[in-house]
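One structure is given here, and the rest of the page talks about it.
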Amino acid sequence: MKMNVTATVSHALGHWPRILPALGIQVLKNRHQPCPVCGGSDRFRFDDREGRGTWYCNQCGAGDGLKLVEKVFGVSPSDAAAKVAAVTGSLPPADPAVTTAAVDETDAARKNAAALAQTLMAKTRTGTGNAYLTRKGFPGRECRMLTGTHRAGGVSWRAGDLVVPLYDDSGELVNLQLISADGRKRTLKGGQVRGTCHTLEGQNQAGKRLWIAEGYATALTVHHLTGETVMVALSSVNLLSLASLARQKHPACQIVLAADRDLSGDGQKKAAAAADACEGVVALPPVFGDWNDAFTQYGGEATRKAIYDAIRPPAESPFDTMSEAEFSAMSTSEKAMRIYEHYGEALAVDANGQLLSRYENGVWKVLPPQDFARDVAGLFQRLRAPFSSGKVASVVDTLKLIIPQQEAPSRRLIGFRNGVLDTQNGTFHPHSPSHWMRTLCDVDFTPPVDGETLETHAPAFWRWLDRAAGGRAEKRDVILAALFMVLANRYDWQLFLEVTGPGGSGKSIMAEIATLLAGEDNATSATIETLESPRERAALTGFSLIRLPDQEKWSGDGAGLKAITGGDAVSVDPKYRDAYSTHIPAVILAVNNNPMRFTDRSGGVSRRRVIIHFPEQIAPQERDPQLKDKITRELAVIVRHLMQKFSDPMLARSLLQSQQNSDEALNIKRDADPTFDFIGYLETLPQTSGMYMGNASIIPRNYRKYLYHAYLAYMEANGYRNVLSLKMFGLGLPVMLKEYGLNYEKRHTKQGIQTNLTLKEESYGDWLPKCDDPTTA
């Protein structure tokens, strides 16, 4: 049965308590319960006023039954109507008597709540030291508190809990808000909320400015810091109604909405809509949360300044008020200052004093020199002031000497559209010019939902992760540990990551995810030669992630790599500047089809190297060209999961260390290093009664008696030419055995150095020469 939206809503009138459960949306009328949209444990209430399926949630807002279906299923109004129509087709039209009864029931509930409010208010006492207000920073604030117990909203309220009386527009007490010591809040069952408020009267700016705040603690904070009148709306849902009423009562007042800054953006949107309705302004706190959160974090003076900064109108451009004569009479430095003011003092110059950047929407964007020069020329033209290219260049060059110098972005910050995440402590902050962010992830950081998992809430990332790990849980944990190392910038673990595998196995996605976690500003690409060269190392300073793509052809001892990952100071010799020594505190991530080959036998590389192999090559038809973009949109979930999973960072470190000597890593090293592969054919004996070391001059060779002879035979049998000298073989042997978990022992005898090593049985079939001569056997 096809129905339009209006007809569906009309047909559903009075039936929502049956319709919603039929769609899988469980609701209980007039009970605080988990929100079916955001998952909040007790912030949702279904009141079904006038049979319209009405509801409200402190986080999601309010609406009717159709709006709830839209939000739960994430569909358009027409699609929501189709879902509702599918279960209402057989229902009879709503009986007008039922609707009238619902209205009467609502009126009766309001009257009962108002009467109960009067009764409870008569049993309150005025006092100080309320536990909730003390926690909010106001231990000396006089307030109304319960003198006995009361049951409301599924909560047992105790003596001493805070009571906030709510009045309608006629000044009549119609409801109460009860607030416990731990911050639980309820109003009386069936009581009026929309259009009600509690007012904190102030003396300052009386009749000139009026504040509206969401919660009581926020209102108390604003009132305390400004001395001005503040109305308490209780929630963002009531802001619009209260703002309209305030404008009717106070037509000449400036109305300011002291809104909450929510991660979801809901508080900001509701406040903006209310401000539009009353021609008011919105004042957002400098933290995520409310103005009381800012007060408790930064103190009174800083928060008072932030409040007045938030309502200060934007400064006019001096070019709107100056005359041509005034501007022309100015010195070059004065003209540069006026231009700086025109741009809202949101300009900075790079460390070299050449490139200008402008702060916009959370990031410092580089201004192309020619474009900026044309903009400055446009300001001259606006005033009809004479100019030349030389004059414009002179003003721009002078401006570069006046404005602040751009700093490097903090390594611990990851930028999102709606703020920055501090990866050291997991806190999320609003954007600030002082963060010096140059790029942002083009997604919003979102609040967690109950039961959040990677599999459900980051499906694209999960598919990549599970495929890269071959479906093995322990391998997934290792990959996540590597990503956490990048996220937390744990260069101090003295490890470096090497991801290997065939083309199309997901290695590049690993590098892209690592870049997102480190932040685009904090990541750079290089070659391993860059790490080894003092001249080229200058390009690596200031980054927290160094990517080394496609390094498999490189072969060397990795001295620079060892020094950087070991936390040693390395020499840097930049062009046209004096050489110096510095630490490069960065995580190094190499991405190769084949593992790198190191000639170092001291163990300096092996004890820092973590190899993660992606064995499966994804078929071309299965590859998703949009995978990176999809994972980018899931970044907030990924970050939360990593920080929660590795709340003890040492768990991630131990996983990476266990990966170093895993069978997978050993097999990769064996494929890359023939000497290391040969060591895999050795096993230890309880005593030093095994093979002798031998040397190259002993003739004839005895491959079962002399270890060095066996090594030469292995290299020859497999066609390898570059064999190690006896000395280098002897030096590297203990280190390589240790990677296999074997202890090397030796003793000096008359026949030479005897070891505790012997050849494994598989040596005879794989490469050991077959000879019937017992002297060579």
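Start at 1 and count along the chain as shown; that gives each residue its number.
Here the Cβ of each residue, glycine as well, is placed from N, Cα and C on the backbone.
Computed over the zinc finger (35-60), the whole-number mean pLDDT of the model equals 78. The zinc finger annotation in Swiss-Prot covers 35-60.
Among the features that Swiss-Prot reports, domain 'Toprim' is placed at 208-296, with the record citing sequence analysis. Per DSSP, the secondary structure of the domain 'Toprim' (208-296) breaks down as 44 helix, 18 strand, 27 coil.
Per Swiss-Prot, the feature domain 'SF3 helicase' maps to 474-627; the stated evidence is sequence analysis.
Taking a C-beta cut-off of under 8 angstroms and a sequence separation of 6 or more, Gly503 (ATP binding site) has the following same-chain neighbours: Asn593, Gln617. Under the heading ATP binding site, Swiss-Prot lists Gly501, Pro502, Gly503, Gly504, Ser505, Gly506, Lys507, Ser508, citing sequence analysis as support.
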Point to revise | Tertiary contacts of the zinc finger (35-60) (same chain, 6+ residues out, Cβ under 8 Å) | key: 9, 12-17, 19-20, 25-29, 66, 68, 71-72, 94, 98-99, 102-103, 106, 154, 193, 235-237, 262, 264, 266, 449-451
Check your understanding: Where does Gly506 (ATP binding site) sit in DSSP terms: helix, strand, or coil?
Key -> coil
Exercise for review: Would you mind listing, in sequence order, the residues at least six apart from Gly501 (ATP binding site) in the same chain with a Cβ closer than 8 Å to its Cβ?
Suggested key: Lys507, Asn593, His613, Phe614, Pro615, Glu616, Gln617
Revision key, fill the gap. Fewest C-beta neighbours within 10 angstroms among the binding-site residues Ser505, Ser508 belongs to Ser508
Review point. What are the other residues, in sequence order, whose C-beta lies within 8 angstroms of the center of the C-beta atoms of Gly501, Pro502, Gly503, Gly504, Ser505, Gly506, Lys507, Ser508 at the ATP site?
Key: Asn593, Phe614, Gln617, Ile618
Study note, to complete from the structure: Taking all protein chains shown into account, the Cβ-based neighbour count within 10 Å for Gly504 (ATP binding site) is 15
Check your understanding: For Pro502 (ATP binding site), what residues in its own chain, 6 or more apart in sequence, show a Cβ-Cβ distance under 8 Å?
Key -> Asn593, Phe614, Pro615, Gln617
